[in-house]
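**Student:** Before I ask anything, let me first share the structure, which is written out below as structure tokens.
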């Protein structure tokens, strides 16, 4: 059987799964609230993937075209993501292995290689969205040409190198700071634009009438596809193992509960950010007659004159930059997890980062060079289509494994959880395949 050669093990950042496993101690005699604080963190790293520029594009278009009416789709998509991420975390805590490694152990080599390639493709697609978002942020904030901004994003490998010697908790703190930056920017934006909050609250109630036409249904599926990230399912099952958990059933049950709370709180932050983007677009654009804003550049261009202050545009750019940079770390971690889990292969983290970014830079450069600055919107759509296509291949083994009593024991999915999970699999798979077909059909 062909095996990839092992490469030198030279860690340069706290990203290699086997090196950070069990690095955060949680003494059993700690008070519950201190245990919760020690356990908080993995959910934050996962939540970053739910705030990438692909989400921005779909939320902005939904808000500008249909006002607040699709806000409930953001809510339901986030709830679906919470269910799947809780399953992923439980798998990692109970088995002590991540989804990629378990897939390697339980499936045939050919199927494992296909899974690995598809998962790597999803990371590159996500990184493409980050490249475009950061390049656009450099353009909006500093006036750098889009192509120049794309080139600047290659320097984020230096950020990974700069984390040499940092521990995993410091990495989580950095990501938390970036998430808070995004949240603060949108808090100020909403304070400036002053949306109609009763209408916002009413839009949280599901309204199937809002999806009766083809166009809002298309956008709703786009929101769903942009919200649930496939590589996050691999990521979460691994990084929860940074917490030291006793192998006794009560200790694992407590860890599962703490992880569930961490996941819900962290993804609620992502929900607030995505909801704020849609609400801002609805209040600033839809309410003022600009119902054709379909990309991030147009949103930034119109925001300042509508709000009446240059601060609005600056905050928008800062939040976009923070969203792109925060995913630098999680993309690198997820890549290491895939290589170590599927292939038993470890390489220096900066090399891993450089390889992923190089693959993402190629379509970004070609697209912008050939189609101009407005290619960003099209490329973001393509990145979300790729992510949507890969998602079922990550969901299926996750749901199947967490429902396997031989593997999970008493922690296996109950009937209700299994029913909800398989329904989500069916709905998300059909929705994403329909979205892929619509995009390919033009």
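Positions of Cβ are set from backbone N, Cα and C atoms, glycine also.
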**Student:** Under Swiss-Prot, the annotation transmembrane segment belongs to which of these stretches: 216-236, 237-257?
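**Tutor:** That would be 216-236, per the transmembrane segment entry in Swiss-Prot.
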**Student:** Is it the case that the transmembrane segment (379-399) and the transmembrane segment (264-284) touch, counting contact as three or more CB pairs under 8 Å in which the residues of each pair are 6 or more positions apart?
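**Tutor:** Contact between the transmembrane segment (264-284) and the transmembrane segment (379-399): absent, because fewer than 3 Cβ pairs are under 8 Å.
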**Student:** Quick one: do the transmembrane segment (302-322) and the transmembrane segment (173-193) reach 3+ CB pairs under 8 Å, ignoring pairs fewer than 6 apart in sequence?
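**Tutor:** Contact between the transmembrane segment (173-193) and the transmembrane segment (302-322): present, because at least 3 Cβ pairs are under 8 Å.
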